[in-house]
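For Cys298, the entry in TrEMBL reads active site. Residues or ranges marked as substrate binding site by TrEMBL: Arg106, Tyr245, Gly246, Gly247, Ser296, Asn411, Ser412, Arg413. If you look up TrEMBL, you'll see Lys254, His274, Asp321 marked as Mn(2+) binding site. What TrEMBL lists as GTP binding site is Ala297, Cys298, Gly299, Lys300, Thr301, Asn302, Arg413, Arg444, Phe540, Gly541, Glu542, Asn543. What TrEMBL lists as compositional bias 'Basic and acidic residues' is 1-20. The feature domain 'Phosphoenolpyruvate carboxykinase GTP-utilising N-terminal' is assigned by TrEMBL to 47-266. Taken from TrEMBL, the feature domain 'Phosphoenolpyruvate carboxykinase C-terminal P-loop' covers 270-629. Here TrEMBL flags 1-33 as region 'Disordered'.
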Amino acid sequence: MTLLDRPRTTAPHRTPDARPEITTAANSPSSAPVVLEADRPADVVAFVERIARLTTPDQIHWVDGSTRERHALLQQLVAAGTLTQLNPDIRPYSFLARSDERDVARVEERTFICSEREEDAGPTNNWMAPEQMRAELEPLFTGSMRGRTLYVVPFAMGPIGSSMTRYGVQLTDSPYVVVSMGTMTRLGSAALAQIVRGQSWVPAVHSVGAPLNNGQKDVPWPCNETKYIAHFPKEREIWSYGSAYGGNAILAKKAFALRIASVMARDEGWLAEHMLLIKVTSPAGKKYHMAAAFPSACGKTNLAMLTPTTPGWTVETIGDDIAWLHIGKDGRLRAINPEAGFFGVAPGTGISTNRTAVDTLWGNTIFTNVALREDGDVWWEGLTDTPPARLIDWRGEEWTPDSGRPAAHPNSRFTVAAHQAPSIADTWDDPEGVVIDAIIFGGRRRALAPLVVEARDWDHGVFMGATISSEQTAAAEGTVGQLRRDPFAMLPFAGYNMADYFAHWLDFGKRLRRSARVPRVFQVNWFRKSPEGKFLWPGFGENGRVIEWMVARLESEACIDETPLGGIPRQGELNVAGLDLPEEDLTELFRMDTDELEAEADDVEHFFQTFGDKLPAELRHQLSHLRSRVRAQREAEAGTA
Ligand code: GTP
Ligand code: SPV
Ligand code: MN
């Protein structure tokens with residue numbers, strides 16, 4: 001099959017029980033309404049005209065979200081060399097993109113919150129005054145789309161018609177971004193029709209910053225060394241320049257659904273979070289929903305697609321990266337996944353670690369910066385235990401296992417529709433959302449943070465979230481492995497002062513308490529290492545054992561032992577039957593060294609000081625509780641010494 005052939009329906013390999021369906025437009029219902037040119041909302045038209053005058057594109061294309069349109073865009077991207085079609089007999093209707101080497105991850109240093117006052121961006125964000133940012137952006141965007149097409153992309157975050165759903169219109173000169181948005185969001189006429197009906201919308205402007213002068217030949221991955229990812233929280237507006245990569249360019253995702261949405265959520269009384277959502281079914285058939293916040297590349301997609309190893313348990317996927325939580329009419333905490341696809345980390349995703357993800361990727365997938373096999377399929381580190389003998393690496397160069405460098409970029413990714421996951425829950429796009437029973441915080445820490453610990457109550461849970469510390473990953477430019485505070489896994493994604501965000505969470509707990517059912521809060525760490533540097537916990541499917549213990553806690557069927565950091569499973573209560581886990585490793589997974597705890601408390605204090613008076617008093621209280629529990633542990637040790 002070549003790209004020009006009509007996509008056919010084919011049985012996906014390795015996925016006998018999934019319903020195969022080749023789709024080109026991942027999320028465009030065939031019954032999407034048509035919005036006639038004359039019916040386009042005047043404010044959207046005015047926005048498009050204003051930006052077109054500034055950026056002077058050759059053409060303007062209103063994206064309708066149809067299959068035919070997506071097919072044409074993919075063909076165009078192949079012709080331009082941005083995409084390579086993979087072998088359709090192995091991986092139907094799938095493509096590989098190789099980005100520019102300098103455009104491979106989010107750029108946190110170039111991400112700005114442009115609130116009127118610096119203190120409203122807070123100490124964890126880069127701030128620039130709105131008028132200064134506009135002054136810097138204007139010359140960059142002037143003529144920036146010359147020689148290109150300006151695509152108008154109306155999109156919905158959340159199921160169309162849900163009261164939780166919010167709308168946006170992204171203007172972009174990148175067809176790669178348009179097809180990515182087509183998988184990650186519900187886009188096109190269905191979204192525009194809601195805006196016609198009066199839904200408010202967030203404007204987002206994106207340019208790769210690579211205008212083409214008369215006859216100038218394009219490159220496969222146009223971008224610019226100069227990059228800006230700018231957010232205007234008051235105006236609820238997004239401007240992105242210079243990158244076509246992931247969270248820098250698919251503005252519906254991190255820029256809108258987290259940074260701008262967190263501001264909306266603060267003002268409207270809900271929460272926009274960097275969280276996966278799962279539905280857990282126990283052997284007794286009882287169902288629970290959990291939301292978990294881990295920093296970038298710290299295990300959300302993997303937990304979202306968990307296949308528990310213990311008999312009788314199932315986990316289904318609702319979302320893998322972003323959750324919007326609100327208090328429902330019934331007073332309970334409810335959550336939706338505002339996205340429609342997964343932009344997941346490829347390396348480490350393999351048959352033995354995450355079979356569900358591998359099965360999800362059978363076709364209809366765009367891969368970015370993975371390696372190409374000789375047979376026209378893809379490969380990345382961890383997909384199989386043994387690498388192929390020869391590959392073309394993510395830079396397009398010959399590669400063998402002796403090359404001494406990774407074949408796939410550590411932040412290489414797949415873009416695939418959520419409904420393609422065999423694990424997707426039938427309720428994943430329920431407009432009412434699902435009721436949340438437990439919230440989990442986590443990070444990647446080689447030491448101190450135990451495998452699992454339960455918060456005493458909501459406020460202690462907020463303290464846990466506020467103090468997440470995690471080793472930096474390749475998801476953003478920066479030093480991989482460096483430990484940093486990443487409160488609520490939202491360090492790069494909060495659209496306002498993080499201290500005000502903490503206060504919003506504390507306040508949310510007060511409102512939930514009125515409804516009598518407050519979710520339990522837990523903290524996990526799958527990444528603790530032995531002194532030799534090996535992971536102590538097998539992780540992946542075995543993480544189901546930790547979920548199982550959490551459910552036992554929800555059902556009051558398990559006990560805790562108190563520790564300075566919270567409640568840990570009482571000896572023998574974490575189900576480790578059948579695991580090849582030495583007793584000393586299990587002990588080490590929960591060990592809390594008193595000196596390390598003290599250093600941790602000092603570090604938290606230092607971190608909290610950066611917020612000055614804005615830090616909620618409750619978090620200061622939580623820190624002093626921690627300190628007194630550490631003192632008690634020290635005294636107990638002295639007593640037994
Ligand atoms: P973002 O999409 O960047 O937000 O990442 P994410 O939080 O969804 O992370 P993901 O699940 O993609 O995992 C990132 C990396 O961590 C991958 O290489 C995984 O293989 C690895 N990983 C995930 N879960 C585990 C685990 O339980 N144990 C170990 N050792 N590694 C894990
Ligand atoms: C993350 O970095 O948390 C991601 C990938 O989910 S990106 O969309 O690039 O932000
Ligand atoms: Mn993420």
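Even glycines carry a Cβ here, placed using N, Cα and C.
Curation plays no part in TrEMBL annotations; they are all automatic predictions.
Note that the structure is a prediction, hence the values are computed from the model and not measured.
Under DSSP, His274 (Mn(2+) binding site) is assigned to coil, being neither helix nor strand in the three-state scheme. The two recorded residues Asp321 (Mn(2+) binding site) and Thr301 (GTP binding site) have their Cα atoms spaced 7 Å from each other. Put simply, of the recorded positions Cys298, Gly299, Thr301, Phe540, Glu542, the one whose Cα is nearest the Cα of Arg413 (substrate binding site) is Thr301. Ser296 (substrate binding site) has none of the binding-site residues Lys254, Phe540, Glu542 nearby, counting only those with a Cα within 10 angstroms of its own Cα.
Its Cβ taken as reference, Asp321 (Mn(2+) binding site) is surrounded by 26 other Cβ atoms within 10 Å in the chains shown. Highlighted here are the recorded positions (Arg106, Lys254, Ser296, Cys298, Gly299, Asp321) whose C-beta falls below 6 Å from ligand 3: Ser296, Asp321, in sequence order. The two recorded residues, Ala297 (GTP binding site) and Arg106 (substrate binding site), show a Cα separation of 12 Å. The two recorded residues Cys298 (active site) and Ser412 (substrate binding site) have their Cα atoms spaced 14 Å from each other. Checking the binding-site residues Ser296, Asp321, Asn411 against ligand 2 with a 6 Å cutoff on the Cβ atom leaves Ser296, Asp321, in sequence order. For the Mn(2+) site, the Cβ centre of Lys254, His274, Asp321 serves as reference, and the other residues of the chain with Cβ at most 8 Å from it are Gly247, Lys253, Ala257, Leu258, Ser296, Ile322, Phe493.
Within the set of recorded positions Ser296, Cys298, Gly299, Asp321, Asn411, Phe540, Ser296, Cys298, Gly299, Asp321, Phe540 have a CB atom less than 6 Å from some atom of ligand 1. Sequence-distant neighbours of Gly247 (substrate binding site) (same chain, 6+ residues apart, CB-CB distance under 8 A): Arg106, Lys253, Lys254, Ala255.
Spanning the residues Ala297, Cys298, Gly299, Lys300, Thr301, Asn302, Arg413, Arg444, Phe540, Gly541, Glu542, Asn543 that the record associates with binding GTP, the maximal Cα-Cα distance equals 24 Å. The average pLDDT computed for the domain 'Phosphoenolpyruvate carboxykinase GTP-utilising N-terminal' (47-266) is 98. Counted within 10 Å of its Cβ, the other Cβ atoms near His274 (Mn(2+) binding site) come to 25, all protein chains included. Of all the binding-site residues given, namely Arg106, Lys254, the one with the smallest number of surrounding CB atoms inside 10 A is Arg106. Same-chain residues that are not part of Arg106, Tyr245, Gly246, Gly247, Ser296, Asn411, Ser412, Arg413 yet have a Cβ within 8 Å of the Cβ center of the substrate site turn out to be Val104, Ala105, Phe343, Ala475, Ala476.
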